[in-house]
Structures are given as C-alpha cells and as structure tokens.
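Student: Have a look at this one before I ask anything.
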C-alpha cells in the first residue's frame, strides 16, 4: 500500500471517528472498508500503532487506534469458537487464528501454545513464542520475543525484538484517552515475573526489570547512583528492582509517614555487558 493510499485510508477513518455516533453495525461502504483495511494492515504487521524514529522518539499513529475503536461500533456480538470442550465465547472481536490452517501458521512462523489468546489485529512476528497468554487487539509483538505463561499484552502495546515477558507480566493497553501513547517495551528487554508496565510508559532497549516491579505514569523511578527521580520511562540498559523511599511527610502522631513505593535503577550496563551477563547476576546487588 502506497503512502497515498495510507493517507486516504487515514482520512476516511479520521472523518468517521469525528462522527462516530453515526457508525453502527448497519454501516456499510467506505467506512467499513477502511476500518477492515486498517485492521488487516495491523494484523499483518504492515503498519503499527506506534513507530520508533532514528532518534528514539516514538510517533503514535492515532488514526489506527481510532480504527480499532470504530471496529467495536461496526461489529456485532457473535459466537467465538475455540473454548474447552467445544464451548464458545461471546464477543465482537474474532481470534487472530480464526480460519487458519497449517499453511497460515507455517507462513507466520511463530509458536502458539494451546490456550494462548490473540485477538484479531494484533501482530506476532516470526520466531516469537506465545505460552498460554493474552495478546489484545492492535498490539505488536516483535521477532524472537517470548510471552510467557499468563502474561498479558494490552491493546496497542508495542513489544520489541528478543524481549522476555516472564510469567504473569502485565503490559498495559491504551486505547483511550485518545491522546495517550501505548505502553512500549523496546528490543532486548527482560521483564521479571508478575511485573506491570502500564499507562503508556516506555522501557528502553536492553533494560532488565526484576520480579514484581510496577511502573505507571505516577511511579517514581529513582536512580540510586545519582538520586535523580524521573517518571514514565526507564533509560536504556537499566537494571531496575522494586523499592521504596521516604514520603517526606509526618503523621498526626508525629511519627514519619510510611515509605512509598518506587522503582529503583540499581545499575546501568552497556550493551556488551548486558549481552554477556546472566539476568540473575545483573539483579544481584
């Protein structure tokens, strides 16, 4: 699809979204065709909700988020096959694997272990491995990435190459508010078991999050070496663990208020060290 075609497609979707109250399951023609085309492009990985520039800046293609939102208005509730014992679900979004045969799976080149759930319009790159996990619509999972058991990749989340999302990890989805960016895990990151990264936060390339690290937009990210406090983004090649810091407040009884949770950057490593050092060794203090 040419840039001109994409521009035309995005304009149709932008216009439809402005008058979205008029869009329904009975809508036909250009709007439905445009939304279907956008979902197919997302599903095939030919377009992404967010793209990384050469300078590291992520640009969000808001029109693709709007296409996903419009699809909820266009599609009726229907039976979705694939439940245990031939049971069914009731939803507006089909499985990515609906109608797939051996040929489609071989062409896609990733592993989909029984009981993983991937909704249509999510892209899974070759050599990725999906354990019993959940990947929501509009998400992107990069080449060679492992999505471990009970991990969740939220709507429109962007997961890079050679990432390991450990068991029970939650990567938050962001469809609304419209201006919000998606949650992003860049290439070669390791996210420890039961950790959560949400609300459009970014974990930059090569970073390691220990088990049980929770990062949202309001979470303090403290560099232990410098004392610097930042929000919303983990710098490249950071090793991060869960911690706490003084709240700076005093309770009514005169005692110091409890410490508050934070994420602590315990060290930073270069690319060479990161590639040669085991995860457990990096996390040892």
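Glycine is no exception: its Cβ is also placed from the backbone N, Cα and C atoms.
Heads up, here are the entries from Swiss-Prot:
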type	residues	note
BINDING	111, 148	substrate binding site
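Could you tell me the structural context for the features on the list?
Tutor: Long-range neighbours of residue 111 (substrate binding site) (same chain, six or more residues apart, CB within less than 8 Å of its CB): 128, 129, 130. Classification of residue 111 (substrate binding site) by DSSP places it within a strand.
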Student: For residue 148 (substrate binding site), just give me the three-state DSSP call.
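Tutor: Once the DSSP labels are grouped into three classes, residue 148 (substrate binding site) ends up as coil.
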